[in-house]
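TrEMBL annotations:
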- A:HIS81, A:ASP92, A:HIS188: Zn(2+) 1 binding site (BINDING)
- A:ASP92, A:GLU126, A:HIS382: Zn(2+) 2 binding site (BINDING)
- A:209-308: domain 'Peptidase M20 dimerisation' (DOMAIN)
Number of protein chains: 2
Amino acid sequence: MPEINNPFDGSRVLADLNALRAIGTYKTGVHRPTFSEPHVHSLHWLAQRLPEAGLTATIDGIGNVLGTSAKAGSKLLAGSHLESQNHAGWLDGPLGVIYALEAARVLNSDPSVNGAVEVAAWCDEEGHFGHFLGSRSYVGAVTDAEIDAARDRGSDRTMRQALRDAGLADRPRLQAEPRRHIGYLEAHIEQGDTLESGDLKIGVVTSIVGIWQYRITFTGAQNHAGTTRMAIRRDAGLALARFCVAIDDSFPALCGPRTVWTTGRITLDPGAPSIIPGRAEMLFQIRDDDPAMIARLEEHLRRLAADVTAQGPCGVEVERIRTGAPAMMNGAFQDAIEAVSTAVAGGRSVRMPSGAGHDAQILATIMPAAMLFVPSIGGISHHWSENTEDADIVTGAQVFVETCRRLLTQ
Amino acid sequence: MPEINNPFDGSRVLADLNALRAIGTYKTGVHRPTFSEPHVHSLHWLAQRLPEAGLTATIDGIGNVLGTSAKAGSKLLAGSHLESQNHAGWLDGPLGVIYALEAARVLNSDPSVNGAVEVAAWCDEEGHFGHFLGSRSYVGAVTDAEIDAARDRGSDRTMRQALRDAGLADRPRLQAEPRRHIGYLEAHIEQGDTLESGDLKIGVVTSIVGIWQYRITFTGAQNHAGTTRMAIRRDAGLALARFCVAIDDSFPALCGPRTVWTTGRITLDPGAPSIIPGRAEMLFQIRDDDPAMIARLEEHLRRLAADVTAQGPCGVEVERIRTGAPAMMNGAFQDAIEAVSTAVAGGRSVRMPSGAGHDAQILATIMPAAMLFVPSIGGISHHWSENTEDADIVTGAQVFVETCRRLLTQ
């Protein structure tokens, strides 16, 4: 067996992740929103690292970084994203990019591997400007008109202006070459506590759950909060509160073991202390990897709304505003991750769906795709205190690199 | 008995109210926020009417319009306000001003009345810039520093700038002359449905209820709405919804017959569809004319909060941010209104507290004060569709004028 001239190095993985943490540091995390100065800096940082892995780096016209290999044999695509949520954690995104970089460093320099890992950092997975714009552009699902219309939800800067400011405006957008890759592999922190609470090291992602989102609107009668007797009120805010409680009381008996539901925003209209709200609105979300389960819960939601409307005094309207299809992860890839976990991580792995969205769900539309998770301390994410034990980061990297090897050599 | 040279004229009352409705018309109501162009116009309109009633008009340095009489004998102060809530009704305020004007026209020209009605339009009762600024200025309870700090809650224009724009910046603020008035009388639409539902024509106000206001804050843990299992969530928004329902379920057994309570505003933090709210806040208000009742309800509220905190998973904090003392209306004045209602309105009156705040509660701090209500169609107020039957407006005016006569001549 020929010698690997660039063997796996866990400390190099940690050093690279810390180098990225130094670009846009916020407390122990980072503030690196899409096309901010630190984000653009991080794209160039990665592009400069890619030659170490025998890759030719390109930053394309939507801010994706792609490292391509001239090595013969199979190509496996691997990566994640470099931008962060606002004032968020250091690992959400970078972990998967650096794992891919390490896999490329190790395997592309190994003459026994007839193939190469190619590295991608997809732009704007965190959705500052849109919805998976980078990976969707790569699979051919983003039009120029969509980019024309995109604006930063924070600053309102247009995406076109942001691309000009980053010096990327005149570059072409790279698209996937048909049949170039045998598939896509992405690593990510779990962002939940399933691994930690089970003392597990690797999550083998079975699917990325679909998100169904609803606008639920309550209509009552706006009136004076001092002069309107309780008996004749039609308080839309109170109807909303009762509806939230009814959902929470009835969903557990109907849902699956991993179903989650969330009311993330409530608005009372007009929202003044001395006015009974005549209208109220909630944004409600359900996630599950089984569309039949979602359909059952949606039916129940609409029945609850019809019952409340029938009983009065307020009307309820349920409007679905986002319909997500779950993305299934490739079975052979899952088997490979699990087998490597047995060899490298003492079998401390579990198959689990991903409750969060990831670029892998976009890549899965054009090639076999899979993901692995590493533990999140306390299950915390989208917060600067997000973290993973160094030892768990290294174990995850090792599983990732060996899985890539298996996929390229099997 | 000498002849009245300017007898009561119901059609004149309706014509004046419609003239005011033409200043800042919005649908069948008005949009006449404090110091808007239509509002300033309405102040001048009133100042020009006052001489018809033998009054000398002044618009003072805070936008109050005052009509003073040189006639011998007792002086009764009467009035209300001319500005409106945004896109609101035509009668909330103007009704009391025009009733006062009509009383002054009739009684100040009547040689058998040894005294006069003086007319006031108090600025900003609707609270665009502050809290009863006009009437509080008149009773000596507003400092220059409070005016310096006041801003329009709609446009953010400072009150000083608004006064300059209205040409009132250099005028002095008029203050009550001690012992000048035997008292204050104000008419208003009920803004509720007590009179209409009881087929009554006059509400004899016994007190203006106090308003106690609370900020209730729920603390949970912000987390990812996709990756955080239901079992470990600490959802502050859900805790808030359950608390609203608990209030609504338990207050009816404890409260008085006229107690009202309202959650007018709800805020979830951060308020994003994919994030479990870690913090939630509601503005909650209780109104009653009995402070002991409020104390009992507040104690219950704090007990509910302590129970929720003890049971988890979220903490609840109750903070009182406004403490209102009810204002009692003068008993002899109430008797006079009731006696006149018997004579003029077939006794179709009822004694009732006012659930809304009015300038009378401010005047009551320095002189005997009283109020009468006329019916509101459907109980609607603070909405452009607010209305009262013409016949009820005229009946109310007649009761008002005759009550003023009795108070001045008794």
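Using the three backbone atoms N, Cα and C, a Cβ is placed for every residue, glycine included.
TrEMBL does not curate its annotations; it predicts them automatically.
Between A:HIS188 (Zn(2+) 1 binding site) and A:HIS382 (Zn(2+) 2 binding site), the C-alpha separation comes to 13 Å. A:HIS81 (Zn(2+) 1 binding site) sits 8 Å from A:GLU126 (Zn(2+) 2 binding site), taking the Cα positions as reference. Sequence-distant neighbours of A:GLU126 (Zn(2+) 2 binding site) (same chain, six or more apart, CB under 8 Å from its CB) are A:PRO33, A:THR34, A:HIS81, A:GLU83, A:SER84, A:GLN85, A:ASP92, A:GLY93, listed in sequence order. The binding-site residues under consideration are A:HIS81, A:HIS188, A:HIS382. Their Cβ neighbour counts within 10 Å are lowest for A:HIS382.
Around the Cβ of A:ASP92 (Zn(2+) 1 binding site), a 10 Å sphere holds 27 further Cβ atoms from the protein chains shown. Taking 8 Å as the upper bound (exclusive) on CB-CB distance to chain B, the binding-site residues A:HIS81, A:GLU126, A:HIS382 give A:HIS382 in sequence order. The average pLDDT computed for the domain 'Peptidase M20 dimerisation' (A:209-308) is 95.
With DSSP classes pooled into helix, strand and coil, the tally for the domain 'Peptidase M20 dimerisation' (A:209-308) is 39 helix, 34 strand, 27 coil. Secondary structure at A:HIS81 (Zn(2+) 1 binding site), as computed by DSSP, is coil. DSSP assigns A:HIS188 (Zn(2+) 1 binding site) to a strand.
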